[in-house]
Amino acid sequence: GTCKCDDDGPDVRTATFTGSTEFANCNESWEKCLAVYTPVASCCRKKK
């Protein structure tokens with residue numbers, strides 16, 4: 001399933017996710033998540 005940035009932290013409008021805002025690739029052992037409030041944005045967060 002798709003993870004969402006907002007599940008684990010502030011939404012994209014206030015930034016500072018669990019991970020970092022990232023439009024390309026995420027670091028190894030991190031996963032790309034989508035932001036609910038801004039469809040064009042995504043973030044990376046550590047895999048659980």
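The count begins at 1 with the first shown residue.
Note: Cβ is positioned from N, Cα and C throughout, glycine not excepted.
Among the features that Swiss-Prot reports, disulfide bond is placed at CYS3-CYS43 (among others), with the record citing similarity to another entry. Look at CYS43 (disulfide bond): DSSP puts it in a strand.
Counting every protein chain shown, 26 other Cβ atoms lie within 10 Å of the Cβ of CYS5 (disulfide bond). Summarising the annotation, Swiss-Prot assigns disulfide bond to CYS5-CYS33 (among others) and lists similarity to another entry as the type of evidence.
CYS26 (disulfide bond): 18 other CB atoms within 10 A of its CB, across all protein chains. Marked as disulfide bond by Swiss-Prot: CYS26-CYS44 (among others).
When each of the disulfide-bonded residues CYS3, CYS33 is scored by how many other Cβ atoms sit within 10 Å of its Cβ, CYS3 comes out lowest. For CYS43 (disulfide bond), the number of other Cβ atoms no farther than 10 Å from its own Cβ, over all displayed protein chains, is 27.
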